[in-house]
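Below is one structure; the comments refer to it alone.
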Amino acid sequence: MTFARSSRSGLQDTIAAVATAPGSAGVGIVRVSGPRALEIADGLFRGKRRPSATPGGRFLFGELHADEELLDEGLCLVFRGPRSYTGEDVAEVQTHGSPAVLSRVLARTLDLGARLARPGEFTLRAYLAGRLDLTQAEAVLGLVEASTETARRQSALGLSGALSERVAGVARALTRTLAAIQALLDYPEEGVPDEDRAAPLLGAQSALEELLASAHAGRISTRGARLALIGRPNAGKSSLLNALLGYERSIVTPLPGTTRDYLEAGLELAGVPVTLVDTAGLRETEDLIEAAGVRQAVALAGNADLVLVLEDGSQPREPLPTELPPTATVLRLRTKADLPAAWTDPAALDVSAVTGAGLPALREAIGAALLGDATRGEAWLTTERQTDTVRRALTHVQAARTLPDDLAGYELEEALHALAELTGQDVQEDVVDAVFRNFCVGK
């Protein structure tokens, strides 16, 4: 493997950092990792046994001292390499979680010879020690940042190695096919049978296409989605926004044109972090301010992941006065379903912001529209880096299916290189730094 110089530097140092979030809490953790971790813990911790004399996987209760000054009481957890998170000797000190206590405990570890860890350096060391591959390291960050159950579940799958295993299955098929091609090219006089490569390459292509199709759901589940509420004045946009939120966020009146500027509100829908955008009603108007709001609404629809087009089901149906961007993904709603229907449309969902009728079905429809056909029980691609490597691998496999053996072999080598980059087995010098740059100190 190839690593960036900045990733390799200082790997023999013993590092320390606060591993819990800033602010006051019941418990705080200071993590120390490296060749002198247990020696440094000896200088900080006083109990019935020294950390350096304690087997791995044990914890001690005692006092934390800076020379003769008592800092706090707490626990010291001992992990011995290579059976630790980083693959090195690790001491984790658990104290009361006040900033003052954690600051003094961390300062004491630095006085005893530790260096302040860089962002993500503990997980970087786990990766370099072979405890994690690069997709699992990215999943660690995903778990730290997960704000919804879907994001948590996907990150947990990634950390378990589920994504790596999906990739490994494709890589094994490509490796076998490449070996057969190389045998044909290297020993034609031996009469090596021409193994049919069409079926395994088609299978690999299908697997990569399925994996690539999960990228949209992976991005949505981690970064969130924007939903624009679009419709004529008094179609019920603001009422629906309030109903989905469960509280009054947007002003609702019977007067057309009440909403002139857009309004945003966040919530979780179908396990996805969603930003709802309430927009101005679409109509032709001489009012300059309202006209600006209409133009803005159309622009917001073009930038949304999903557009909810609301039409008043209690009034004669009218087409929108403005066409939506052709790239918009649209979900049509027939609103005010609690009132007598002036029209019906099986392609539109019936909803009522007053009674709540249709809202559960709407939430399910939003989830289906955002997550598509991605199988919830399988690991998805969740980062742009992962998506790019799979896209490159797919391009090379598609090319290999149409080329003669010598050129097909080259394409398969490139596909395998892309998959190895995905898991971090063969990675460019700047990729590792780019991944770990997003981590916080202490992880």
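Cβ coordinates are placed from backbone N, Cα and C, and glycine is handled just like the others.
Of the residues ARG31, ARG197, ARG219, ARG363, Swiss-Prot puts just one in the (6S)-5-formyl-5,6,7,8-tetrahydrofolate site with GLU92, ARG131, LYS443: ARG31. If you take the Cα of ARG31 ((6S)-5-formyl-5,6,7,8-tetrahydrofolate binding site) and the Cα of SER238 (Mg(2+) binding site), they are about 49 angstrom apart, rounded to a whole number. Close to the recorded (6S)-5-formyl-5,6,7,8-tetrahydrofolate site, the chain also has ALA19, SER33, SER84, TYR85, THR86, VAL90, PHE122, THR123, ALA126, GLY442: residues not among ARG31, GLU92, ARG131, LYS443 whose Cβ is within 8 Å of the site's Cβ mean position. The two recorded residues, LYS443 ((6S)-5-formyl-5,6,7,8-tetrahydrofolate binding site) and SER238 (Mg(2+) binding site), show a Cα separation of 42 Å.
Among the binding-site residues ASN234, SER238, ALA280, the residue whose Cα lies closest in space to that of GLU92 ((6S)-5-formyl-5,6,7,8-tetrahydrofolate binding site) is SER238. If you draw a 10 Å sphere around the CB of LYS443 ((6S)-5-formyl-5,6,7,8-tetrahydrofolate binding site), it holds 21 other CB atoms from the protein chains shown.
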